[in-house]
Structures are given as C-alpha cells and as structure tokens.
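Step one of this worksheet: look at the structure below.
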Amino acid sequence: MSFLIDSSIMITSQILFFGFGWLFFMRQLFKDYEVRQYVVQVIFSVTFAFSCTMFELIIFEILGVLNSSSRYFHWKMNLCVILLILVFMVPFYIGYFIVSNIRLLHKQRLLFSCLLWLTFMYFFWKLGDPFPILSPKHGILSIEQLISRVGVIGVTLMALLSGFGAVNCPYTYMSYFLRNVTDTDILALERRLLQTMDMIISKKKRMAMTRRTIFQKGEVHNKPSGFWGMIKSVTTSAPGSENLTLIQQEVDALEELSRQLFLETADLYATKERIEYSKTFKGKYFNFLGYFFSIYCVWKIFMATINIVFDRVGKTDPVTRGIEITVNYLGIQFDVKFWSQHISFILVGIIIVTSIRGLLITLTKFFYAISSSKSSNVIVLLLAQIMPLLDSFDL
C-alpha cells in the first residue's frame, strides 16, 4: 500500500514537472518562435520532468521522505529513462534535424541520421578509455557503463558551469562592478544618435535628388544611335553616378555608427536601471549575497588548491567550521553535524541554481540571436541534452 502511495506521489510530481516544462517551453523559451516539430516539444518536456524528478529524489533521500525501497525503484526507473533519452533519443533526433536542413541529403535523411548517431556513439564510448571506468563485470550497454561516461561529461560541464556562475553572479549582483551613469551621459549619447540619424536622412535625400536628376537628364537627351553611340554608352557612366557611390558608402558607415550608438544607449539605460535597483532593499540584499558567495567560492578554490598541492583530504567544509566556532564561542547546545549538512546542501543548491539560471539566461540570449526556423529544433534538443548532464553531477 505504501508503494502505491509513493508511486502516486512521484507520478503526480512528474506530471506537474512535465506541465511546467511545457509552459516554460511555450511561454518563455519559444514565445516569439515557432517549433514545427511536435516531438521536439515532447522530448524537451519529458527530459525536463525526469531531470527535476532526479533532484526531487535526492532531496527526498536527504529528508527521509518516502520508503527506501520506493525511492530506489523510482531512482532506477528514472535513471534508465534519462539514459535512454540522453544517449539514444536526443542525439539521434539532433542528427536527424541537422540532416533534414541539408537539401542534398534530404531523401536519405534517415540513413545519414543513423550514421551521425553511430559516430556519436563511437566518440561517446571512446571517452571512457582514459578513465578507469571499464569493468568486465558489467555489459557493454549496462547502466554502469553508460552512467560512468555520462558522469564524466556531467562533471566537466558542471565545473564549467560553476566557473561561469562564480564570475557571473558577483558581476550581476554586486554594485562594485557597476559604472557610474548619469542622465547627462545618456542625453549626450542620445543627442549623438539623433545627429547621426539626421545625417543619414539628409544624405539619403541627396541620393534621391541625384537619382531624380539623372533620370530627368536621361529623358531629355536622346540615346545616341549608331555603332559609336553604343560604344560611348557602354564606356561612359551617367553624370552623378560617382557621387552616388560615395554617398552610399557614407550612408553605410553612418548606419553602422547609429547601430553602435543605439546599443550603447540601451546599455546605459540597463546600467542605470541596475544602479537604481541596487539602492533598493532587495538590491542591497543581493549585493550582500554577491560578496558572501564570492568569498565562499574563493575560499573553496583556495582550499581545493591547497589539498591538491599537499595531497590532503578535506574533512571539514567552511560551513561546518563556522558553525563549530560560533557554537563554541556562544556556548549553546546545537547539533552541528545535522545542521551543517543541511546548511551546506542549501548553500550548494543556491550556487547551483544561480549558476544554472545564469547559464539559461545566456543560452536564451544566444538562442534569440541565432535561432531560425531551421535551427530552432536543434537548439531545443541541445538544451534538453544539457539538463540530464547536470543531473549526472549529483549521481
């Protein structure tokens, strides 16, 4: 009976995660774009649901929620489904949509998709050669063989993500990195932008008047006849055409300058909004968090370097050490071991969530920059490929 109740809880949470992934896909990630393939949306939502379920099972394991046998069963089932999606389904569909965008291979897209998937499997399998993850006890396509290689990629990706978050989080939230922007700076840049736009308009008017003059002169003067007239019409250019070429070059240069000025103006407005936000209570709170996590990450990097250089094994993390010092100083009764694990888990979770948030924001901007009707399916599948790799870090 308890297994049925636990299963109903897990199925309900998976349905909720699937619906949230579906809404995130439609309302946030692709609100301005159209994905024609329905299977892409389903794969993304299913991958999102099972990835969130893996995090949920980790939290349930720490808090002791659900029966241990139920947790193990759903953990095993989720792991099999994620490996199936990550190693077999998503790479095949990525190759399929890449081949479908090539006209020469469109008729044989299924064959070339299989070839691309086999190529991926070859490099995926060769990835395990430098690492001691081969074991004769397990089969070729066993869970242990697959999860070991996925874990290598996931740990590498998580290390890159942690480095990105360690740099992006302080830069985003700390007011120290904000440059001083005043209304005078914005007005001066807007004035330059307006002057540039006026120059572009005036030069385009000159080009239009020159073309009109050339057209009128062409109607007044009859075309020369005979052989020498044909030679002359070919070798000589119309009066004023050289000026048109020079003016067009000037217009192109001014348009490029106007684009740069517009981007700088938008950046100044964004910086001004960040300055105003940093003066609020919420902005000061995030500024404090930026300093705190910066010091925490620097300390972790320093201690990891010391442990690697001197071949030491770290036994106490900064959170546990800080709690022990505080408890000994205040002389209170406190379960240091129990609460240090939970506080460390919360801090690591916050760092991971902010890192993933920063990465998703960057990937979303990157997607908006390069996405098109042909590349959108591939980009969504790549995002779906990243999510289980982040889960493999916790395995």
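Each residue, glycine too, has its Cβ placed from N, Cα and C.
TrEMBL labels come from automatic prediction, so no person has curated them.
The following features are taken from TrEMBL:
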{"type": "TRANSMEM", "residues": "6-26", "note": "transmembrane segment"}
{"type": "TRANSMEM", "residues": "38-63", "note": "transmembrane segment"}
{"type": "TRANSMEM", "residues": "75-98", "note": "transmembrane segment"}
{"type": "TRANSMEM", "residues": "110-127", "note": "transmembrane segment"}
{"type": "DOMAIN", "residues": "142-207", "note": "domain 'Golgi pH regulator conserved'"}
{"type": "TRANSMEM", "residues": "147-169", "note": "transmembrane segment"}
{"type": "DOMAIN", "residues": "277-387", "note": "domain 'Abscisic acid G-protein coupled receptor-like'"}
{"type": "TRANSMEM", "residues": "288-310", "note": "transmembrane segment"}
{"type": "TRANSMEM", "residues": "343-363", "note": "transmembrane segment"}
{"type": "TRANSMEM", "residues": "375-393", "note": "transmembrane segment"}
Beyond the flanks of the transmembrane segment (38-63) by 6 or more, those residues with Cβ under 8 Å of it: 10, 13-15, 17-18, 20-22, 24-26, 71, 74-75, 78-79, 81-82, 85-86, 89-90, 93, 97, 341-342, 345, 377, 380-381, 383-384, 387-388, 390-391, 394
Secondary structure content of the domain 'Golgi pH regulator conserved' (142-207), with strand meaning DSSP E or B: 59 helix, 0 strand, 7 coil
For the transmembrane segment (110-127), sequence-distant contacts whose Cβ falls under 8 Å of one of its Cβ atoms, 6 or more beyond its ends: 87-88, 91-92, 94-96, 98-99, 149, 152-153
